[in-house]
C-alpha cells in the first residue's frame, strides 16, 4: 500500500506501529485523558468522524507521546473490543469511502457532532495553523490534503449547508462568514439558489454583514438573476432595519450603504435612486473606491444609469468637470446633455468610454454616443489634428475617412492607434499602410510601434525584413504578438528565417506562437533540442512524435520528456505498452495532468495498460474507452466512482463514436437507476448531464435536483433537438408560458431561449427585447434556429426609428432600409432581411457595416448577391476595388462571378488569403482567384514561396496536378502540414502526394510523424501503396485523411489494418466508405470503434468478459492512495482557501 493510505490508517488507529502485536499492555486503569477516552468510546460506537475530531482537538493542546497509543488500545481491550489493525483499517476505509461517495452522510454526521467537535471542524477550515497533525514520527500535511478534498463532488455542498445550519450558533459570526466565503468561492456560485436567503441570519453585526456582502459581491457574475434579486432583498432588509422613516420623504440609501451594496446597487429602483439625497450621492462619489465600484456595474440599464447621473448633477459635483468624469465609471456610457460639451470634454469622455465594451448589452447606444462625441471632438479641427485624442472612437471612422489621413498624422497618433481594440480588418490594412508609407523596409523599431496594427502589415514586408531585425523581434516580448498574425504572415516570417545559412541553429529559439509552424523537415536538421527548451513550445502532433522519439534516444528518464509541455502528444502506444508496471504507475500522473493534449488513441492505450497493470486502482473513466463489455461488468458497488470519474471528463472527446457513446450513456442511466434524485447526484454526474437522453431530462430529473441540473445544462453546447425540446418542456412546467415570465426569469433562461417556439419567442421579443438582443449578441457565429432569429429581428424592428426611404432608385421608394443600429443589434439575425431591402441600404450604412454583414453565416445566395450588387453601387466595378475593400467583404465575396474575381487586383497574397478564409468557393471561382494572383503578381508556379502556398488556402486545390510538380521542393516541404489541412479533390491530393514523395520518400518509407505531417495529402495514396502500409501506422493517419480516402481505395485495407485504425480514425470512416467494406472488414472496423486492443485483434473475442480482482480494502474506483487521502480529507474537513 502506498504512503497515503498507510499514513491515514496509522492516524485512524492511533499510530500503532507494531503491526498488530502489542509490546506491552498498559493497565486500562492508567489515567487516560478524558478527550482520548471519549475518542475511544466513539471508535467503539463507530463514530469515526467524531473520534478524529477529538483526536485533532487533543493534538492542538497536548504533546503526543508513543505511550498514548498503547493506553488507548488498552482501553479498547478493557471494553472487550478486539480490533486488529487490518480489521480496523477495513472498517475505517469503508466508512471513509462512504463519505467520499455519499457526502450526504458527511452532512448527517457533522450534524451529529457536539459543539466542541463542530467547533474543531470549523477551525480546521479557517486557520492555517491547523495545517498539519504532528503525532510522533508521522506528520499529516493538512494543507496538501486541503487541495485534494474538493475534487470529490458534494464535499463543498455538505460543508456549505452545515455551516449555514450550525456555525452561527457555535462560532462567532465573523469566523462563520469566513468559512462560507471559502466554501462558496470554491463552488463557482452554484450553491447560491434564491431560497438560500431563507437560511441566512438576519441579525448579523456590522462587520460580519459587510464581509458576507463582500462574498456575495465577488460571486455576483456566477449567480442567477433570481438569486441576485434574492440576495439584494436580504442585504437591503438588513440595511433598512435601523431606518425608521416611513413616509418616503427621506431615502434609506446612504453613501455607505451604496458602497456595501456594490454591484447590487443596480437593483435599486428608479424611484429609490431619484430619492437619494444630494449630500449622500456626493459623499459616495467622493469615495476613492467609488470609481472602481462604478466600473463594475456591467448590467446597469440606461434608465438607472441616467438616474444616477441626474442625482450626481444635483450634488456638489459637476458632471462637466474632468475630475468628476473620471469618477463616473460605466455611467459615462450613458452620458447625456451633449449640447453643453466642448471638444476637450468630448475627448475626455471618449477616453473614459474605453471601458464601455464591458457593458452587458446597450452597445448600439454606446456606439451612437461615441459617434456624437466624435463629431464634437473634431469640431473646428481636422481629423489629422485630433486623431490621437479620440480614443477607441476611431474605430467608428469609415474607410474613406481613414484613407484621407496623412501619414504624419498616423505616425503622431500611433501610441493611441496601436492599443485600440475593435478595429475591422480593412481599417487595420489602411492604417498599417499609412504608417509604413514612408518606410522602405520594415524595421524592429516599426514593429515595436505598431501593436495591434501589426496584423495589417503585408506578408511581403515581413519577408523583406533584415534577418537581424527579425530575430530581434522574436527574441523580444513582441514575439507574443506573433500569435495575432495570420498563417500567411507567420509563414512569411518563418520563410525568411529559414533562408539564412545557419537557419537550423536558431529553430530552438523560435517563439511558442510560431514554433508549431516549423516544418518537420526543418526539425530533422536541428540537433540541439532538449526537453527544457520544448516546455514553452506549442507543438503539432507530427512535431511531438518526431521530437519524443529523437529525445528518447538521449535520456533514460521518461519523466523528463513527459513533463516537457506538449511533448506528451508524441508518446506512441508502443512506448506505453513497453513500460514496466512500476514505471507506468509512477508516470501516469504526467499523462493525467496533460489529458487535454492526448489523442483518443493514446487514451485508449493508457486504459488498456492500466487494466493490465492495476485494474483495482484504474481511474474509472478509462473504462469508457475500452470495449463496451467492460462497462457491463461494472457492478453497482462501483457505479458512483465510475460516474464521478467520467463526469469530470468530456464524453464527446473521450468516446468519438456516437453508437458507443450511447452504450456509455445507457450504463450511466443504469448506475443512476433511472433518476437524479437530488443536487448531490447532479454534482456526481457532472458533464454527463449533457449526454442524458431527452426522456431522462423530461422525467428522470427530480424537481429537487432540477435547479442544480439546469445550472449544469447551461454549459452544454451540443444538445440534440430532442434534448432541447425536453429542456423546454421542463422550463415551461417550472415557469409557465413566457407571458408569466419576469425579467429575472428571462435572464436566467437566456441560454435556453433558442429552444422555444416562434410564438413563445414572440412574447419574449415584445416584453423583453433588450434581453433577447443581448442573448443573440453572445451567439455570434452559432447556427441558430430561424424562429429565434426572426424573434430577434422582430424585437429590433419594433424598436427601430427608421422611416421609409425616399430613394428614387427603382424599387427602393417607400422601403424601410436597415440602419447601422439595426445591423449592429441584429448580428446573425441580419439573415432575416429581404434581398431587396439589403440592396436599398444607404451607402454610408453599407460602408460602416460591410464587415459585420460579411460575417453573417446565414445569408442565402440571393442575399449575398444583393450585397455584392450594393458593393458595386458603392465602390464601382470590382476592377476598381482596393485591398481594404476586398478584405472587408467576408462571405459577400462568394457572390462574385468568375469573371468578377478575375477583375480584382489580387497582386497581394494577403488579399488572396482573406478570400481563402471562405471555404464555399466553387472550383471555377477558386481557379479564377489562383489565376488572377499569378497574372497580377507576375509569379509563375515555379516562383511561388512557401507563404504564397499558405496564403492560397483552399484555392490551392484549384491547381492542376501537373502544375503541382512545378512547385519548388524547398518551398513545398516548408508548408506540407498546412497544405495537409485542405480538402482537395482526389487527383489534386494525388498530385501533392507525388510531390511529398520527393521530400519524404515512398509510402513504404513513411514514419508515424511523416503520416501526421502529411494530413489529407496522405489520402492521395494508391490502392497498392495503401495495402503495403504497416498496420502499426494506421493510427497515425490524420482523421481528415481517412475521410478523404475514396471508397474504392479505402476498401483495399486488410482486416488487420482496419482493426488497427484506432478509435479516432475508425470514427472518421464515412458512410460511403462503409458501403464498400466486406462483413469481415466491418467487423474489424467495429473492433476499432469499440477500442479493442490492436495487437490482439484476432485473439481477443468480442464476447469475452473482463474480470475484476477480488474485493479489497480499496475498491476499484480511484487509485487507492487517492481514495484514502480524499477520505481522510473529508474527515479533516479542510477546504480550499
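Glycine too: its Cβ is placed from the backbone N, Cα and C atoms.
Noted in Swiss-Prot for the protein shown:
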- 1095-1115: compositional bias 'Polar residues' (COMPBIAS)
- 156: N-linked glycosylation site (CARBOHYD)
- 211: N-linked glycosylation site (CARBOHYD)
- 244: N-linked glycosylation site (CARBOHYD)
- 289: N-linked glycosylation site (CARBOHYD)
- 321: N-linked glycosylation site (CARBOHYD)
- 380: N-linked glycosylation site (CARBOHYD)
- 384: N-linked glycosylation site (CARBOHYD)
- 530: N-linked glycosylation site (CARBOHYD)
- 594: N-linked glycosylation site (CARBOHYD)
- 740: N-linked glycosylation site (CARBOHYD)
- 798: N-linked glycosylation site (CARBOHYD)
- 1113: GPI-anchor amidated glycine (LIPID)
- 1095-1119: region 'Disordered' (REGION)
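In this view, residue 798 (N-linked glycosylation site) is surrounded by 10 other Cβ atoms within 10 Å of its Cβ, with every protein chain counted. Just so you know, the Cβ of residue 530 (N-linked glycosylation site) picks up 13 other Cβ atoms within 10 Å once every protein chain is counted.
Residue 530 (N-linked glycosylation site) carries neither a helix nor a strand DSSP state and counts as coil.
Each of the glycosylation sites 289, 380, 384, 594, 740 was scored by the other Cβ atoms within 10 Å of its Cβ; the lowest score goes to 380. Comparing residue 594 (N-linked glycosylation site) with residue 530 (N-linked glycosylation site), their Cα atoms are 19 Å apart once rounded. Within the same chain, residues at least six positions away from residue 211 (N-linked glycosylation site) with a Cβ under 8 Å of its Cβ are 174, 177, 178, 181.
Its own atom aside, the Cβ of residue 321 (N-linked glycosylation site) has 12 Cβ atoms within 10 angstroms in the protein chains shown. All protein chains included, residue 156 (N-linked glycosylation site) registers 24 other Cβ atoms within 10 Å of its own Cβ. When the C-alpha distances from residue 289 (N-linked glycosylation site) to the glycosylation sites 321, 380, 384, 740 are tabulated, the minimum falls on 321. For the recorded site, residue 321 (N-linked glycosylation site), the DSSP three-state label reads coil.
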